[in-house]
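Taken verbatim from Swiss-Prot:
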- 5, 8, 25, 28: Zn(2+) 1 binding site (BINDING)
- 69, 72, 98, 102: Zn(2+) 2 binding site (BINDING)
- 5-28: zinc finger (ZN_FING)
- 65-107: zinc finger (ZN_FING)
């Protein structure tokens, strides 16, 4: 937790005083004695994970192939190919199970 000096706006440091710890400013003579335990927790809001494959819309007009699903053993899967690495390496094939109850995704 970072507190700022009300006089000059610089960050306050914690130092030992004669009777207790205190917040003190290195620039001006401002001092604030700490009389109780000071805690403050803030949890950042996590943003939603972006679907790098474009979400559900990316799978609307793709072809299917005879690739069995490793999860439910359905005999067909939708597929698309994307260039995920440098141009001199082969494209990565992404699969999605054709079984609507499964929908498992994997890559080759």
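Note that Cβ sites are derived from N, Cα and C of the backbone, with glycine treated the same way.
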Remark   = A correct count of other C-beta atoms within 10 Å of the C-beta of residue 25 (Zn(2+) 1 binding site) gives 20
Query = So around the Zn(2+) 2 site, 69, 72, 98, 102 aside, which residues have their CB within 8 A of the centroid of those CB atoms?
reply = 71, 73, 74, 77, 97, 99, 101, 103, 104
Inquiry  = Just to verify a number: CA distance, residue 72 (Zn(2+) 2 binding site) to residue 5 (Zn(2+) 1 binding site), in angstrom, no decimals.
reply    = 62
Task = Report, in whole Å, the straight Cα-to-Cα distance of residue 102 (Zn(2+) 2 binding site) from residue 25 (Zn(2+) 1 binding site).
result = 61
Query = Taking the Cβ of residue 8 (Zn(2+) 1 binding site) as the centre, how many other Cβ atoms fall within a 10 Å radius?
reply = 11
Query = Once 5, 8, 25, 28 are set aside, which residues in the chain still have Cβ within 8 Å of the Cβ centroid of the Zn(2+) 1 site?
reply = 6, 7, 9, 10, 12, 26, 27, 29, 30
Task = Whole-number Å only: compute the distance from the Cα of residue 28 (Zn(2+) 1 binding site) to the Cα of residue 98 (Zn(2+) 2 binding site).
result = 69
Task = Please list residues from the chain of residue 102 (Zn(2+) 2 binding site) whose Cβ is under 8 angstroms from its Cβ, counting only those at least six apart in sequence.
result = 69, 71, 72, 74
Query = Counting other Cβ atoms within 10 Å of each Cβ, which of the binding-site residues 72, 98 scores lowest?
reply = 72
Query = Reported as an integer number of Å, what is the Cα distance between residue 98 (Zn(2+) 2 binding site) and residue 5 (Zn(2+) 1 binding site)?
reply = 62
